[in-house]
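Notes to accompany the following structure.
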Amino acid sequence: MTTLRALWRIPSARVALLVLVAVGFLTIFGEALAPHDPLHQYTDDVLQGPSAEHLLGTDYVGRDVLSRVMAGARLSVVGAVEAVLIGAVLGVPSGLASAWLGPRLEWITLRVSDTLVILPFTVFAIAVAGTLGNGLQQAMIAIGVLISPIFFRVTRSVAIGLRKEQYVEAAELMGATEWWTLRKHIWAKVLPNVAVALAQATGAALLVVASLSFLGLGVTPPAPTWGGMLASDLGFLAQQPWAPVFPAIPMMATVGSLNLLADVIRDVAGASTLRRRRSRQTPVSIQPKEQNDVVKA
């Protein structure tokens, strides 16, 4: 709650949070609030411009663009969040284990992380789709596995730095278990960095979901996604040069807000850490008690 209050006091963070709340509302209720069925084809209104009936016009088969943008938020955003959660579940525990559970496990986790980093994303996604089938869940598994090294490296770097802190060494000397030390002393320091990585990775995953839809992987047509709409609109630029703007705007607003929020969280967490260090280093001056100059007889 303290972090949220600190974020809300920063104007840029307020803007980012309001945009993300609006995107979340659109993700949950967008399809229900859409003025038309996003899959219905108005064959008499193909490639129509904005009008009173279709506020953002229609696409190449006569589907209402506004309804598809609103309905496409669910698959686009939920898919990105799902991929990021998979990456965090794989990366954060392995990062903590690598820093705390001995050199052998550290060597294994580092080699796995390095291997995932150098894997070509598109080739890996196609391989997963060929093995598990083409679908949203399979694509999100591929994305989550490939972004897990982000969380692994962030968590490991912070945990290694905390191992040499005096309060951690004192807890170990007093007989505290590794699990107790991680839970009481390490996790609270790791969490702000993980939150920054979550925000940045969600924005990146949203773009990756869009690129997979652009390539025909992940969500299968005619289900609406922002990336799928971009892919289909690019084929009709001569008739509707403005069409790709409509799905691109919510995508750019979401990614930009996530990146802005990540920067603000990093600044707030850094300022909080600096204040704690200064408070520990500032010596406490003890004022001697004033003595009476008058000696009572």
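Cβ atoms are placed via backbone N, Cα and C, with glycine included.
Residues annotated as domain 'ABC transmembrane type-1' in TrEMBL: 73-262.
Positions annotated as transmembrane segment by TrEMBL: 77-101 (among others).
Beyond its flanks by at least six residues, the transmembrane segment (108-129) meets 94-95, 97-98, 135, 138-139, 141-143, 145-146, 148-149, 152-153, 156, 208, 212, 215, 217 of its own chain at Cβ-Cβ distances under 8 Å. For 108-129 (among others), the entry in TrEMBL reads transmembrane segment.
With a threshold of 8 Å between CB atoms, the same-chain residues lying at least 6 positions outside the transmembrane segment (135-154) that come near it are 75, 79, 82-92, 94-95, 98, 109, 113-114, 116-117, 119, 121, 124-125, 128-129, 193-194, 196-197, 200-201, 204-205, 208-209, 212, 217-220. Annotation source TrEMBL lists transmembrane segment at 135-154 (among others).
The transmembrane segment annotation in TrEMBL covers 190-217 (among others).
Residues annotated as transmembrane segment in TrEMBL: 245-269 (among others).
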